[in-house]
Structures are given as structure tokens and as C-alpha cells.
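Engineer: This is the feature table in TrEMBL:
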type: TRANSMEM; residues: 12-29; note: transmembrane segment
type: TRANSMEM; residues: 35-56; note: transmembrane segment
type: DOMAIN; residues: 48-297; note: domain 'G-protein coupled receptors family 1 profile'
type: TRANSMEM; residues: 68-88; note: transmembrane segment
type: TRANSMEM; residues: 108-127; note: transmembrane segment
type: TRANSMEM; residues: 148-165; note: transmembrane segment
type: TRANSMEM; residues: 204-228; note: transmembrane segment
type: TRANSMEM; residues: 249-268; note: transmembrane segment
type: TRANSMEM; residues: 280-299; note: transmembrane segment
Amino acid sequence: MATAVHRNGSLSAVSLRVFVLVGFGGGALTQALLFTVFLVLYVVTVLGNLTMIVVITLDARLHSPMYFFLKNLSFVDLCYSSAIAPNALANFLSTSKVISFEACATQFFFFSLLATTETFLLAVMAYDRFMAICSPLRYPVTMCPTTCTRLVLGTFCVGCLNSIVQTSLTFQLPFCSSNRIDHFYCDVPPLLQLACASTALNELFLFGLCGFIIVSTTLAVLVSYGYITVTILRMHSGSGRHKVFSTCGSHLTAVSLFYGTLFVMYAQPGALTSMEQGKVVSIFYTLVIPMLNPLIYSLRNKDVKDALQRLGQRHSLVKAVRGCPEARGNASV
């Protein structure tokens, strides 16, 4: 809902059916440059995460809990960026930049769901590494396929619950006559700035839930890697240490990037007052980080690089076999 101001100064509620995503300022040249940057980031994100999903699915040597979680992380990143980027790209080429009330609520619901899911999924991946390194004998039993599936489903359930709460609280607010969202997608902080009613409860839930999610998952990661570090220092094999550090370093890099940007955006009191800073930070966790994750895990992971090489060799072999009949046909002629 929105409020309309009559000539006598009284307020009345009118239905608000559309929002305008202001996005970034600038003329046509700036919008074209932003379109190019967003398009490159999104294409690389899609290709990188699809490649990870395909490689892990096709290579039997990667059918382990760690890569099962990594495949799900790539799936979440792919959906996560796809909830934001296509609409942002369309708006760069549009003069109206309009999004309907329902589409805005839907976009925010999936954005919140996937962001929360990724936060808990990264914590689950840290727990997986803890079990694999600190309790290797119990690892096959503890992290069996059923347990892994339940853990992934649990992250989606928690994400869905948080998304339902945030979406319900935000979109039941009465919005004022201005329908211009100072962002390139629908998010809580800029939407709260348009509300006519008190947003104290919404801000409390935003900081409370996001703070709890980030702090609890960060603690889980830190505790897991605390035990992992102690175990690594006790190792006598230099090659074993290097392999463990390489794998854990990739995950810690991904965790630091994602949790850091989320904390800057949602878990501090000043988050609601700095929209320009929020737009820049949002680019990182909606496009840059989903693009970097496949690179981080593939470039620092020998198993993934070997799997990519095997997949390439298999493709070349299939291509050669398919070309053999043609070659024999040409030879007989």
C-alpha cells in the first residue's frame, strides 16, 4: 500500500502496484558500461558454476561429501546471481526501470532464501572438513550420503524460514507516495526507507536475525578450523599438510569474502543509511563472489583440475571416435 496526499493535507491509502529501481546514476554511456560489466560478471558466473556442477556430476572420483557440498554451493550461486542479474541487465537498457509489487516481493524472497542458504552451507562445508581431517575413521559413517542430503536440505529449510519472515514483515508495510527504490534490486534497507509506518520491528528482525545467522555460522566455521589447524600442525607429512591447507584455504577465502560483505551490509546499524555503499557492496555478494567461488575452488584444488583435464580428454576422445567413420569413408573414396 502507499499513501496519497490530498489538497487539504489529509492522507489516504492507495494501492501501490509498481516500484522503480533507481539503480546507479549516470547517462546512457554510464548505463552501457554498467551493462557490459554486469553482463561479463554474470556470464562468467553462469559458465563457472555450470562447469563445476557438470564436472562433479560426471567424474566418479569427485563423488564424495566435500564435492557434493561444493556442487550444491555452485547451484546456489548460480540461482543466487540469476535472481538479481537478469533484471538488473534489463533495467540498464530501460528508461522506466519498473518492477511490479509482486515481482519485487518474489525477487527479494528468492534472494533472501539463497543468501541464507549459502551462509549455512558454507558452515556445513567447514564441519565436513572438520570431520574429514580430525575424525577420519568416523568420517565415512558420520558423513554418509543420507546425512549429507539432510544437511543440504536443512540449509534450504532455514533459508526458506528466514526468507518468509523477512518478506512478510517487509511487504506488509504501508509504503509512502514515493515508489523509487534506491537500489538495483529489491532489498530490505532501501524498502524500509519508503515505509510510512514505524520500521523499528523490521530493523530489529533484520539486525537480530542476520546478526544471529552470521555470528552463529562464523563461530561454527572458526571452531571447525581451530580444530583443523591443531590437527594439521600435528601432521608429520609435508605433502599432507600442503594438500589440507590448499583445500581449507579455498574454503576460508570463500567464507571470508561472503561473510564479510554480508556483515557490512546487514549486521551493522549504519547499513540502512548508506545506500551508495550498499550498492557497491551488493555487487560483490550478488555477482563477484558467485563468479569467484568456482575459480577459488578449481584453481587451488588439484582434484578439480585433474577432473577438468579428464573431462577434456574424454571429450576429445569421443570427438575423435565420431570422426573415424568419416575418415574411413574419405579414405575408401
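Here the Cβ of each residue, glycine as well, is placed from N, Cα and C on the backbone.
Just so you know, TrEMBL annotations are computer predictions that nobody has curated.
Quantities reported herein were computed from a predicted structural model and do not represent experimental measurements.
Describe the structural context of these features.
Structural biologist: Through the fold, the transmembrane segment (35-56) approaches residues 62-63, 67-68, 70-71, 74-75, 77-78, 81-82, 85-86, 88-89, 92-93, 283, 287-288, 290-291, 293-295, 297-298, 304, 307-308, 311 of its own chain, all at least 6 residues removed from its boundaries and within a Cβ separation under 8 Å.
Below 8 angstroms of C-beta separation, residues 21, 23, 38, 41-42, 45-46, 48-50, 52-53, 56-57, 99, 107, 110-111, 114-115, 117-118, 121-122, 124-125, 128, 145, 148, 151-152, 184-185, 286-287, 289-291, 293-294, 297 of the same chain, each at least six residues beyond the ends of the transmembrane segment (68-88), sit close to that stretch.
Within its own chain, the transmembrane segment (108-127) has Cβ neighbours under 8 Å at 66, 69-70, 72-73, 76-77, 79-80, 83-84, 151-152, 154-156, 158-160, 162-164, 166-167, 170-171, 185-188, 191, 213-214, 216-217, 220-221, 224-225, 251, 254-255, 258-259, 262, 285-286, counting only residues six or more beyond its boundaries.
Tertiary neighbourhood of the transmembrane segment (148-165): same-chain residues 65, 68-69, 72, 109-110, 112-117, 120-121, 124, 128, 205, 209, 213, selected by CB-CB distance under 8 Å and a gap of 6+ residues from either end.
Tertiary neighbourhood of the transmembrane segment (204-228): same-chain residues 116, 119-120, 122-123, 126-127, 129-130, 133-134, 162, 165-166, 169, 188-189, 244, 248, 252, 255, 259, 262-263, 266-267, 269, selected by CB-CB distance under 8 Å and a gap of 6+ residues from either end.
For the transmembrane segment (249-268), the list of distant contacts is 115, 118-119, 122, 125-126, 129, 188-189, 206-207, 210-211, 214-215, 217-218, 221, 225, 277-278, 281-282, 284-285, 289, 292-293, 296-297, 300-301: same-chain residues at least six beyond its ends, Cβ to Cβ under 8 Å.
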Engineer: Compute the average pLDDT of the predicted model within the domain 'G-protein coupled receptors family 1 profile' (48-297).
Structural biologist: 88
